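Written out below as structure tokens is the structure these notes cover.
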């Protein structure tokens with residue numbers, strides 16, 4: 001009789017590539033749902049008459065997936081991975097799409113809030129995927145799965161093909177349906193289509209079927225895993241990824257007067273006289289930043305299994321910290337764009353490494369563990385976006401330097417994690 005690990009090691013073939021495509025598309029849907037808000041801000045702020053504080057609340061709302069991440073992780077341990085993924089992705093796409101017809105900011109915010117708080121199934125996707133993977137291929141395959149977040153990032157960055165188009169305007173009663181609302185509808189498609197694919201094509205996790213059970217969440221902070229849990233808690237809090245949600249807004253402001261982002265955020269009034277449809281270059285720069293993830297993703301796929309997630313995580317966080325600090329220092333728009341691309345390309349290595357390390361540090365029965373730590377990271381994202389929204393009209397010095405310091409701290413703390421390269425799942 002074979003053990004679970006021996007059975008998984010027996011074969012690797014077409015099914016695993018199909019699994020990568022389906023789980024990858026679901027992972028891309030998470031990126032689209034999160035980042036679509038950042039690309040519609042320059043236009044929606046005009047149409048919905050948003051202040052910078054309102055924009056901070058809006059960008060923070062999607063990170064309420066923290067609650068969903070833990071809730072769905074817990075239910076996945078009890079009811080099964082596949083069933084949970086179908087339900088959570090459906091709800092996420094449904095409420096995300098409904099937000100497109102919200103006539104008022106408070107209703108738009110509420111629907112995005114529900115989409116975020118009820119969605120958040122990404123930790124379950126990584127647990128589900130890893131449970132099918134042979135040990136020697138797991139690092140590279142999880143890195144490949146994480147790469148689809150970049151695909152979703154690029155897909156969301158195609159906003160420049162939709163939002164600047166003034167032809168996509170018509171009336172629905174008293175609601176003026178504009179191009180940015182069409183963009184919101186399109187951004188809900190990946191989640192709903194992922195739910196359909198999981199329902200029709202994917203089986204339940206074999207490890208869940210063989211070893212159903214639940215380890216209490218308190219076990220993450222007791223015994224031999226206590227130290228690693230504390231370290232992960234700090235890292236997830238430090239690895240603030242809400243920063244790039246403000247890139248399109250910052251570049252829209254830079255477009256009006258040139259120079260660096262921090263040199264121009266103190267004059268938001270210039271935007272009040274602009275069209276509700278910013279020039280394409282602001283969106284093109286967002287697309288370039290999204291595409292700059294590609295080298296980092298290829299790099300992690302190629303060397304993850306040989307170097308290990310711990311080393312990649314620590315080094316990439318430290319380099320990310322330096323690139324964020326230099327965004328504050330630079331004086332020209334070209335330099336800002338270049339450093340933003342470096343930050344995007346390097347920070348994605350950290351996220352890919354964290355996906356691998358987080359999956360391998362805990363028993364797969366405790367998929368809610370990764371959901372818990374993802375939730376901690378999104379608490380930091382909520383706080384960061386609210387703070388950024390409050391400060392962006394006066395000075396971006398404090399949030400930029402704070403992000404740099406947090407990334408540096410996270411990189412140094414990551415050195416305390418155990419090495420998990422090619423370990424067996426327990």
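Counting starts with 1 at the first residue shown.
Glycine too: its Cβ is placed from the backbone N, Cα and C atoms.
Look at TrEMBL and you will find 16-422 tagged as domain 'Major facilitator superfamily (MFS) profile'.
Feature annotation from TrEMBL assigns transmembrane segment to 55-72 (among others).
Long-range neighbours of the transmembrane segment (84-107) within the same chain, counting only residues 6 or more positions beyond its ends whose Cβ lies under 8 Å from a Cβ of the stretch, are 26, 29, 33, 48-50, 54, 58, 68, 72, 75-76, 114-115, 118-121, 124-125, 128, 172, 174-175, 177, 181-182, 184-185, 187-195, 198-199. Annotation comment: TrEMBL describes 84-107 (among others) as transmembrane segment.
Residues annotated as transmembrane segment in TrEMBL: 113-130 (among others).
Marked as transmembrane segment by TrEMBL: 142-163 (among others). Long-range contacts of the transmembrane segment (142-163) within its own chain (CB-CB distance under 8 A, at least 6 residues past either end) are made by residues 20, 23-25, 27-32, 35-36, 38-40, 43, 125-126, 129-130, 133, 179-180, 182-183, 186-187, 190, 248, 277, 280, 283-284, 286-287, 289-291, 293-294, 297-298, 300-301, 304, 348, 351-352, 355-356, 359.
Among the features that TrEMBL reports, transmembrane segment is placed at 183-202 (among others).
Taken from TrEMBL, the feature transmembrane segment applies to 230-247 (among others).
Marked as transmembrane segment by TrEMBL: 311-330 (among others).
Here the transmembrane segment (336-354) has Cβ contacts under 8 Å with residues 142-143, 146-147, 149-150, 235-236, 239, 241, 243-244, 247, 251, 254, 260-261, 285, 288-290, 292-297, 299-300, 304, 309-310, 312-313, 315-317, 319-320, 323-324, 326-327, 330, 407 of the same chain, all six or more residues outside its ends. Taken from TrEMBL, the feature transmembrane segment applies to 336-354 (among others).
What TrEMBL records for 366-388 (among others) is transmembrane segment.
Sequence annotations record features per position, and here TrEMBL assigns transmembrane segment to 400-417 (among others).
With a cut-off of 8 Å between Cβ atoms, the residues of this chain six or more beyond the transmembrane segment (183-202) that come close are 18-19, 22, 25-26, 28-29, 32-33, 36, 39-40, 82, 85-87, 89-90, 92-94, 96-97, 99-100, 119, 152, 155-156, 159, 162-163.
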